[in-house]
Amino acid sequence: MSEQVHNRLAVVRAERKVSRQQLAEAVGAHYQTVGYIERGQYNPSLDLALRIAEYFALPVEALFSLEPFSPLTDEVYGRKRR
Amino acid sequence: MTTGLTKYDRRMYAVMNRRDGRPLYATAARRRAVVCAHIALTAIGAAAPVTTALTESMWPLFVLFGALLPWCLATGVINGATRGLLELRGRALDERQLRERDRVLARAHRVTTLLLLAAVLGAFAAGGFADVRMGVLLTPVLFGVLVVHALMPLWVAGLTVRDEPDEE
């Protein structure tokens, strides 16, 4: 029943230089929960996903998706074709 | 999660989330070993007062006192591995932990039910085939079942907890 929810939380968190502990405290979760979300071992509730998105001031679909994310460099610069 | 926590909750949360004992429960194999040791120590501790009651000798109580300290240590290690999943109040846990706790309690309930069934059948079998008086069996079986019922969630939690996410 549980579908894999893909996320780019680790990438965004590293980019913003936010530790798991800081994010966890900001959204009211345990730091391990953030780690399990990043590893794809736990799918957050809509409530938690929205709180994480709000923390990063991003739309929730920028962080979570039912489809795998393409690399950010591909999205920004486009895939180089030979 | 951290809103509405009492001073006691915060203290317990800090205790349960200390990372000092992490090497003891870092891998699934180590957690299994700790849980097995805890089960063995519990069996020794539970058998001691029953043996004392049945034989009227005092030496099993010294065994109980000897097993108490390592039992407490093993309990602490399991609680550390689960980050206080069963010790902390619900308001000190987040949504994942609450879900995990529900899962652990449900699984422990199923296992305990099977063990209760085995205990009842075993007691009847002992009474029927081995000609043991049911009255003699009642106290040790009930005591053993009570101990297992109380500790099964801790053992299940210790066995099912996942590895810590990698360090950043």
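Cβ from N, Cα, C; glycine included.
As annotated by TrEMBL, transmembrane segment applies to B:62-86 (among others).
Under the heading transmembrane segment, TrEMBL lists B:107-129 (among others). Only residues 6 or more beyond the boundaries of the transmembrane segment (B:107-129), in the same chain, are considered here, and those with a CB under 8 A from a CB of the stretch are 137-138, 141, 144-145, 148-149, 152-153, 155-156, 160.
Among the features that TrEMBL reports, transmembrane segment is placed at B:141-161 (among others). Here the transmembrane segment (B:141-161) has long-range neighbours at 25, 31-32, 34-35, 38-39, 42, 46, 49-50, 75, 78-79, 81-82, 85-86, 100-101, 103-105, 107-108, 111-112, 115-116, 119, 122-123, meaning same-chain residues at least 6 beyond its ends whose C-beta is under 8 angstroms from one of its own.
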Contacting positions for the transmembrane segment (B:62-86) when only residues 6+ beyond its ends and CB under 8 Å are counted
12-13, 15-18, 20-22, 24-25, 31, 34-35, 37-38, 41-42, 44-45, 48-49, 92-93, 97, 100-101, 104, 153-155, 157-158, 161
